[in-house]
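Feature annotation from TrEMBL assigns Zn(2+) binding site to 96, 98. Per TrEMBL, the feature domain 'Class II aldolase/adducin N-terminal' maps to 13-202.
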Ligand SMILES: [Zn+2]
């Protein structure tokens, strides 16, 4: 493994900042969630299992090679991160949270397999969206404990989504949200936008259902 010490340090700092951000909002209760950032074309840092995301230090993040078998001790959901980095070289960070809005609305839409989010000004917080008249589709997958198989299903389905309609993230039903961006700051903005949009959508469905 050859990755510059500086690049590894910067990737770890992005994850530490995002972990504090998510913990402050109550999105990662009881050491749940997992966070990662790309170091270079072939490496990423990923949170180790069971760490409090609000109090991460650089020692709580493992450096992994994207093309090699994963080391022991990573978050059980690490393969979902690795599969995304392999599939899309533009992704620089991936943050996964167990936020209430994501966990609740994903159960409601599990059968449809996606949530169409439309009509909200905040959609413009997603990279590439410049008007509230654009809509995005957020894929919803059934939850599973067989993460390697789930990662394959996720990547297969994301490939089939039209790129201009795909939100920068997906939901696992009754579980939570995966969001990504070109770097840590963008992934964090997407995480926050998703949470607000999913809350808007929940409220909207409550009064219009
Ligand atoms: Zn999770």
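Think of each number as a place in line: the chain as shown, counted from 1.
Positions of Cβ are set from backbone N, Cα and C atoms, glycine also.
Annotations in TrEMBL come from automatic prediction, not curation.
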- In this predicted model, what is the average pLDDT of the domain 'Class II aldolase/adducin N-terminal' (13-202)? 95
- Query: In DSSP terms, helix, strand or coil for residue 98 (Zn(2+) binding site)?
  - Reply: coil
- Item | Under 8 Å by Cβ from residue 98 (Zn(2+) binding site), same chain, sequence gap 6 or more | 27, 28, 29, 32, 33, 175, 176
- residue 96 (Zn(2+) binding site) has its Cβ surrounded, within 10 angstroms, by a count of other Cβ atoms equal to 29
